[in-house]
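A.B. asks: Got a structure for you, questions after.
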Ligand SMILES: O=C(CO)[C@H](O)[C@H](O)COP(=O)(O)O
C-alpha cells in the first residue's frame, strides 16, 4: 500500500538534508522507500568523497541501492550501536498539541519489521517526508506483517480490535505480497486512530503478528521537504 503524491523535488530535499547529518565513522540505518533513496544516494556521493560510514539496510531494496552507490554494509549484530537512522513514512502526526505528535504509520513498502528494528536501535532517528505525509491524526490502514500460516486467525483477532484487514496483493505476481522475511501483510483500516500507542500495544499482543507499522515515540525529528526548502520538526 504505497503512499501516493509528494513531489520528487520535495522528497529529494528532505533526503539530502538528512544525509548531511551523517558524520565520519557513523553507522547509519538505511530506511526504505523513494524519499530515503535520495538520502542513500547522497550518502553514496559522500562516501565517494571520502566519508567513512557503514550502512545497515532495512530491506532488499535499500541494500541493493546502497551496494549500487558504494556504501559499505554491516548488520545490527555486528555493531555496538547505530548512530543515525534515516527512514520515510506513510503518515506523520504533525500537531504539537497532540500526544501523538511525531507518531508514524510505516510499511507502505512492507519493510516495517526491519525498519522498526533498525530505527529503534538508532541513537537518533530522522524521518524524511514531503508535506503530503503530514496529518492531524493517523488514519491510513496500518500495515501488519503476519505469519503466513496464521493470517486468517490473525485477521479475525484484528477485526476484534475494530480493524478491517485486507491481505495485500502483489502487483506483478499472482497472490499476496511476500515480505523480505517470507511473511504476508494485512493492511488494517481502523479509521482515525485516536490512541496510536494503545493500538500499537494491542496489535503487538496478537499471536501471529510479526510487526505492525505504528511507530509511536520513536522518531526524534522529521525533515519535511517543501517546494523551496526543508522544515524540521523535533520531538
Ligand atoms: O515505510 C516504508 C516502507 O516500508 C516507507 O518508508 C514509506 O512507505 C514511505 O515511502 P516513500 O518515501 O516512497 O513515500
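For all residues, glycine too, the Cβ spot is worked out from N, Cα and C.
Copied straight from TrEMBL:
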type	residues	note
ACT_SITE	115	active site, proton acceptor
BINDING	32, 33, 34, 35, 87, 88, 89, 90, 106, 107, 108, 109, 133	substrate binding site
A.B. asks: Given the binding-site residues 34, 106, 108, 133, which lie within 10 A of the residue listed as 'active site, proton acceptor' by CA-CA distance?
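C.D. replies: Those near the residue listed as 'active site, proton acceptor' - Cα within 10 Å - are 106, in sequence order.
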A.B. asks: Between any two of 32, 33, 34, 35, 87, 88, 89, 90, 106, 107, 108, 109, 133, the residues recorded as binding substrate, what is the biggest Cα to Cα distance in Å?
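C.D. replies: Max span of the substrate binding residues, Cα based, is 15 Å.
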A.B. asks: Do any of the binding-site residues 32, 34, 106, 108, 133 touch ligand 1, in the sense that the CB is under 6 Å from one of its atoms?
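C.D. replies: Among the binding-site residues listed, those whose Cβ sits under 6 Å from ligand 1 are 32, 34, 106, 108.
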A.B. asks: Please work out which residue of 106, 133 has the most C-beta neighbours within 10 angstroms of its C-beta, and give that one of the binding-site residues.
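C.D. replies: Top count of Cβ atoms within 10 Å goes to 106.
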A.B. asks: Tell me which residues of the chain lie with their Cβ under 8 angstroms from that of residue 89 (substrate binding site), as long as they are six or more apart in sequence?
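C.D. replies: Once residues fewer than 6 apart are set aside, residue 89 (substrate binding site) is near 104, 105, 106, 127, 129, 133, 215, 219, 222.
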